[in-house]
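The structure under discussion appears below in the form of C-alpha cells.
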Amino acid sequence: MKKKYYITISLIVAIAILIIDQVTKRIIATTMNIGDSYEVIPNFLNITSHRNNGAAWGILSGKMGFFYIITIVILIVLVLFYIKEAKYNLFMQVAISLLFAGALGNFIDRLVNGEVVDFVDTNIFGYDFPIFNVADSSLTIGVLFIIIALLKDANSKE
C-alpha cells in the first residue's frame, strides 16, 4: 500500500538542505570578507563572498518588509499544497520540501542579517552567472521537480 505522505523523507530532505545552507553561509560570512574570491575550477567556479539584500539578481533590493511577508505566505502555501495536492506522490513531496527549505534558508538570512549570503560564483559558457547559495539551488531544483511532476501527472491523465 502506498503511503499518503512521506513525512520522514520530506523532513530529512528539508532539514538536510537547511543545515547545509546555513552552515555554508556561516562559513563564508565568518572566514571571508565581502568580495573575497577563491578559484575552485578555473574559468568555471569560484567561491566569492557576496551579500544580497534583494531577490534573485538583486531585484527589489532593500525591500525587506515585502520579503518577510511574501516568504511567510509562500511557506504557508507550500504546506497547504503539500497537504492537499501531493498525496501519494513522493516526488512532488520532495520537490515541495526543496522549495520550503530554500525559501526558509534565505528567510532566516534576511531575518537575522538583513541580507542573504551568496557565494557560488559560476561562469557558464562565458556567461558570468549571478552569485547564489545552497538555498537558491534548492529552490531551482524544487521548481524543476514540480514542473516534471506536473508534466508527468498531466501525461498520465491523457
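Glycine too: its Cβ is placed from the backbone N, Cα and C atoms.
According to Swiss-Prot, the protein has these features:
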| type | residues | note |
| --- | --- | --- |
| ACT_SITE | D118 | active site |
| ACT_SITE | D136 | active site |
| TRANSMEM | 4-24 | transmembrane segment |
| TRANSMEM | 63-83 | transmembrane segment |
| TRANSMEM | 88-108 | transmembrane segment |
| TRANSMEM | 131-151 | transmembrane segment |
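In this chain, the transmembrane segment (4-24) touches the transmembrane segment (131-151); three or more CB pairs sit within less than 8 A of each other, excluding pairs fewer than 6 residues apart.
Sequence-remote contacts of a segment are chain residues at least 6 beyond its ends whose Cβ falls under 8 Å from one of its Cβ atoms, and for the transmembrane segment (63-83) they are 5, 10, 53-55, 93, 96-97, 99-100, 103-104, 106-107, 110-111, 114. Outside the transmembrane segment (88-108) by six or more residues, the chain places 2-6, 9-11, 13-15, 17-18, 21-22, 25, 67-68, 71-72, 74-75, 78-79, 81-82, 116, 133-143, 145-146, 148-149, 152-153 with a CB less than 8 A from a CB of the stretch. Shown in sequence order, A56, G102, N106, D118, V120 are the residues of the chain, 6+ apart in sequence, with a C-beta less than 8 angstroms from the C-beta of D136 (active site).
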